[in-house]
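The block underneath contains the structure these notes are about, expressed in C-alpha cells.
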Amino acid sequence: MNYENMYSKCWKIVVPSNCYIQLNMISFEKYESEDCSRTSVEVSITNKSDKYTFCPGESNWGPIIAFNDITVTHKIYNDDYYFDDGVTSSFSMSYRGESYLCAQKDIFRCDNGLCIPQSQVCDGTKHCYNGDDEKGCETGVFAVPGVDDSRLKGISLLKGNWSPSSGWQENTHRAIIALYLATERNSVGVDIERKLMMKQLEAQALASLLRNTTDPLTANQLSMFVNALTASCQDPRKFYGFDLVKLLKDKATTSPLTAQPVFYLALCNTEETLPANGTRELSKILNSDLEYPFLLDVQAAAVMAISCLRANEKNGSNSSLIDGGYEEAVARFKTIQLKDGSFGNIYTTAIVTQALLSAGEENSKDWNLQAAVKHLMKHLNSSSVVFLGTYLILPVLNGKSLSDIRNINCSVGFQQKSQGNFAPDVKSKLGPKMRVQYSLYIGDEKDIVHSMSLRVPENITVFDIMQLADEADSKYKFQWKRMEQEVYVYEIAGIVNDLEDGLFWLLYVGKDVNSIIHVRE
C-alpha cells in the first residue's frame, strides 16, 4: 500500500571489532492498528542483505545477533485521514555488546563487561579495570592483613636512608637487593632515581676491586656485589673487564665451611655451577650438629642455596645435584618456631622464613606463616628497626627470598645494558691496561679486512674483546653457543660456518700488532 506521507527515523549501533551485539525488541505499540500496515521497525546489518522487520502488537520477538554495525529504522505511514488525527507509534529495544571471548568457555567477566581467559585470573596482574580478577586471590604471604602496606612502608624507609651522593654507603649492594626483591609483582620500568642507584653500586664495586691488592675484597662482600648486580640485571661476569663470578668461585673454595652457603647461593643466582665439592659441603652443613649459636642462620642459607640449585636443575643445569639433609632441615625449621611466630631473634626469623619460602613451603599447614610474617611486620614498623632488619624482612613481605634473585624480570625495560658506541667506555675502565688490535680477515686472500684498536684491561679475554667490538660496530657482530665448558663461535659479520661452501672462522693470536704469528687456538 502506498502512502503520500511517511515518517522515518534511524539509529546506528556501532559494533566494535572482535565483538558482537545481541539486540532485543522489548515493546512496540501503535495507535489503533496492530500490524505493519501503518508502522514498522526494520533492522539491517552492514554487509548483510537480510532485513528484520518488527510489527506492533507482537510479543514473541527473537533476539538478533550481529557481528557488524546495525541500523534500526522506525517508519510510520500516514494517509490524510490518519495524518490529521496525529497517529503515534513507539517502541523500546535493548542491546548489549560483548567480546567474542565472552562466548567461549573458561572465561572471567569483569564488572565493565570485559572478558578475559580464566588463566589470567589470579596471575598477579590486574586485567579488569578495577582489579576484579585479582580479588580474593591472595594466598600465603599476600593473605596476611596489612602486608602490602607494611612492605610499601619498608620500601619508603629504605629509600629514605638513600643519599643521591653516596647511596647507602657500605650497604648499597644489600639495599639494591632488598629494593628489587621487594618491588611490586609485575612492575615494569626503571626510573631515573634507580639508575643513579645502579651507578653508585658500580662505583663502589669498582673501587673495591681497585683496592683489592691493598685491601683485599672478602668473599662475603664479593657475593653481595654479585647478587646486587644480578638483581639489577647487570652481568657480573662482564663487569668492566672483571669476571666477578669467577673471582667469587675461586675465593669460595678457600673459605670456611660456615661461610660457603652464601657464596654458593650467589653463584647459583648467576646459574654458575658450584665447585666440585660444593653440594657435598652444603649437605655437610645441613647435617652438622655443631653448637654454634649462628648455625641455624647458616643452615637456612644452605637451604636457600639448594632450593636455587633444585630450580636450576629443572631448567637443565646442575644435574649432579646432591641435596642430602635438605628435606630434614626444612622439616626441622618448622618444629622450632616459637608461639610468637619467631625462630629466635628477628634476623634469624627473617632468614629462616626466607628459607622456608624458597623451599616452596609458603602454603604448608605444619608451620605458622602468618604468625612469622606478622612478627616481622611488627618489627619493621617499630622504632628499633635497623638496616639489616629491613634488608632481610622486605623480601619476605613480597613472598621472596634471596634465592629469587635469579627470577627477577630482566626483560626490556629492566636491563641496564649500555647503549650506543661502547668502545670509548673501555678507556675509562679501572686497572692496568693494554692495547689490542682485533681484525676480521674475510676470504682466503683477505678480500675484506676490518680492524679495530682497543685499549682494554690486561685480564680481559678474547671473547670479551669480541663482545666489545660487537657493541662498538655492527660489522663485528657474532653468534655463539656454549658447548660444555667451551664457547663455539659459528657466525661473524653475517657469515656462518658453512661445510659445503668451505667457510670456517679460525682464531689467530699474535704477540704484537706489527708482526702477527698465526697460531691456531
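Using N, Cα and C of the backbone, Cβ positions are placed for all residues, glycine too.
The cyanocob(III)alamin binding site feature in TrEMBL is assigned to D297, N345, Y488, V489, W505, L506, L507. L507 (cyanocob(III)alamin binding site) has a Cβ environment of 11 other Cβ atoms inside 10 Å.
C128 (disulfide bond) falls outside any helix or strand according to DSSP and counts as coil. Neighbours of C128 (disulfide bond), defined as other CB atoms within 10 A of its CB across all chains, total 19. Residues or ranges marked as disulfide bond by TrEMBL: C110-C128 (among others).
For the recorded site, C122 (disulfide bond), the DSSP three-state label reads coil. Counting only residues at least six positions away in the same chain, the Cβ atoms of D133, E134, C137 sit under 8 Å from the Cβ of C122 (disulfide bond). If you look up TrEMBL, you'll see C122-C137 (among others) marked as disulfide bond.
Less than 8 angstroms from the CB of C308 (disulfide bond) sit L265, C268, N269, S358, S403, R406, each of them six or more residues away in the same chain. Per TrEMBL, the feature disulfide bond maps to C268-C308 (among others).
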Can you name the residues of this chain that are 6 or more positions from W505 (cyanocob(III)alamin binding site) yet have a C-beta less than 8 Å from its C-beta?
V489, Y490, E491, I492, I495, N497
In sequence order, what residues of the same chain, 6+ apart, have a Cβ less than 8 Å from the Cβ of D297 (cyanocob(III)alamin binding site)?
Y347, T348, I351, V352
Rounded to the nearest Å - Cα separation of C128 (disulfide bond) and N345 (cyanocob(III)alamin binding site):
42
On a simple 10 Å Cβ count over all chains shown, which one of the binding-site residues V489, L506 is most densely packed?
V489
Taking the Cβ of Y488 (cyanocob(III)alamin binding site) as centre, how many other Cβ atoms lie within 10 Å?
11
